[in-house]
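Chemist: Swiss-Prot lists these features:
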| type | residues | note |
| --- | --- | --- |
| BINDING | T243, A244, E245, E297, S396 | L-serine binding site |
| BINDING | R274, S275, E276, E361, I362, S363, S364 | ATP binding site |
Amino acid sequence: MLDIQLLRKDIDAVAARLNDRGYELDVAGFAALEAERKAIQTRTEELQARRNSLSKQIGMLKGKGEDASAVMAEVAGIGDELKASAAQLDVVQGRLQDLLLSIPNVPHESVPAGKSEAENVEVRREGTPRAFDFPVKDHVDLGAGLGLDFDVAAKLSGSRFAVLKGPVARLHRALAQFMLDTHTQEHGYTEAYVPYIVNAASMRGTGQLPKFEEDLFRVPRKMGQATEAEAGEHVENFYLIPTAEVPLTNLVRDEIVAGDALPMKFAAHSPCFRSEAGSYGKDTRGMIRQHQFDKVEMVQIVQPETSFEALDAMTHHAENILRKLELPFRTVVLCTGDMGFGSTKTYDIEVWIPAQNTYREISSCSNMGDFQARRMQARFRNAQGKPELLHTLNGSGLAVGRTLVAVLENYQNADGSVTVPAALRPYLGGQAVLKPAA
């Protein structure tokens with residue numbers, strides 16, 4: 001959430017920066033709400049001043065033994081007006097809050113201008129895509145002999161799900177363990193196990209609500225045995241997490257952290273659940289875009305002056321997984337028009353997918369600035385001992401399913417077997433090759 005003082009101070013400058021990312025700020029709507037708020041506050045202050053003045057008169061009249069009933073009646077009337085004014089102010093403040101919650105973050109000045117992913121800027125590329133001397137198979141065909149089953153998953157749950165058994169399930173598990181071990185043992189993250197179901201306050205804190213509710217899986221929780229209709233206001237909405245970023249970042253919601261406790265660095269392996277509401281017809285084959293997928297998430301909670309240094313470090317941490325797996329990748333900085341809602345700057349890491357003959361996103365690393373912290377009221381005590389908003393960062397380290405796809409396709413052999421990357425062999429009992437079932 002943006003600082004409302006930024007809008008009050010120079011809304012045109014904020015609107016111009018937001019326009020760079022394709023968002024049109026409702027300047028007139030904000031101005032109208034601000035004018036209404038000011039009018040109500042002015043009227044409230046006038047009523048309070050009048051009530052205070054009359055209260056003094058009552059004291060003086062009573063001190064003289066004179067009748068104060070008329071003045072007391074006027075004070076009572078003012079009290080009713082103040083209650084009505086407070087209610088009006090609550091409504092306007094609520095509308096202002098709703099507007100603020102719907103506004104995306106302002107891009108950092110270092111972010112390149114652009115309208116779509118076509119204008120993202122490559123910052124580095126590592127590894128050379130392998131030249132195959134046999135017809136390349138995609139991960140769906142390769143995985144069929146290794147225990148990857150989309151048909152039975154469709155029977156169980158519908159489209160965009162997968163069942164993994166045998167060798168491919170072991171490889172999937174090995175990848176997640178390898179990622180966690182690398183981040184905790186080499187990159188300084190603390191491993192965390194977090195809930196996969198969170199409340200609405202947590203989703204608001206990291207920015208999924210209210211704007212992106214259609215992308216989430218909602219889990220209503222009823223009070224007692226009543227139906228949802230009978231329960232009415234007693235139904236509390238919970239949500240399956242779309243990423244472990246949500247519970248990890250919310251660890252500091254409504255907290256004031258000691259300055260010397262920063263930075264905080266967490267890593268968690270979790271399933272992620274997304275409805276993919278806006279992705280109809282995209283990546284319908286295979287594991288690239290699923291309703292349920294595993295991911296190792298990195299979150300850093302830092303002091304403001306260190307957040308961009310932390311972003312660079314986090315991006316290198318994600319890249320390091322691909323380096324160790326010896327997978328070709330490239331890193332791009334997202335342009336203003338391709339950035340996520342809460343980000344002030346984002347790097348995407350894309351891995352080479354041979355069957356598609358292109359690079360596909362496998363990680364996004366973002367600096368959210370104080371955008372999430374303001375929503376969560378997450379603060380730290382600065383050197384002067386005063387509470388100050390934290391900066392939060394998050395990044396995929398990595399998406400396990402997409403990494404599995406990349407390993408299967410880049411390490412495939414002509415006979416349909418898959419060579420296990422050297423970095424993963426300790427997690428598979430030294431096994432060097434995954435062979436398809438006869």
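The backbone N, Cα and C atoms fix where each Cβ goes, glycine too.
Fair warning: this is a prediction, and the values are worked out from it, not measured in the lab.
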Chemist: Helix, strand or coil: which one is A244 (L-serine binding site) in, per DSSP?
Modeler: coil
Chemist: Find the longest CA to CA distance in the recorded ATP-binding set R274, S275, E276, E361, I362, S363, S364; express it in Å as a whole number.
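Modeler: Greatest Cα-Cα span of the listed binding residues: 19 Å.
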Chemist: Which of E245, E297, E361 has the fewest nearby Cβ atoms, counting only those within 10 Å, among these binding-site residues?
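Modeler: Counting other Cβ atoms within 10 Å of each of the binding-site residues E245, E297, E361, the minimum falls on E361.
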Chemist: If you draw a 10 Å sphere on the Cβ of S396 (L-serine binding site), how many other Cβ atoms land inside?
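Modeler: Result for S396 (L-serine binding site): 28 other Cβ atoms within 10 Å.
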Chemist: Check each residue in the chain of T243 (L-serine binding site) that is at least six apart in sequence and keep those whose C-beta is under 8 Å from its C-beta; list them in sequence order.
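Modeler: The answer is S270, C272, K295, E297, N394, S396.
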Chemist: Return only the integer: C-alpha distance in Å from S363 (ATP binding site) to E245 (L-serine binding site).
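Modeler: Checking the Cα atoms of S363 (ATP binding site) and E245 (L-serine binding site) gives a distance of 13 Å.
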Chemist: For E361 (ATP binding site) and E245 (L-serine binding site), determine the Cα separation and express it in whole Å.
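Modeler: Between the Cα atoms of E361 (ATP binding site) and E245 (L-serine binding site), the distance comes to 18 Å.
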Chemist: For the binding-site residues S363, S364, which one has its C-beta crowded by the most other C-beta atoms within 10 angstroms?
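Modeler: Counting Cβ neighbours within 10 Å, the top one is S363.
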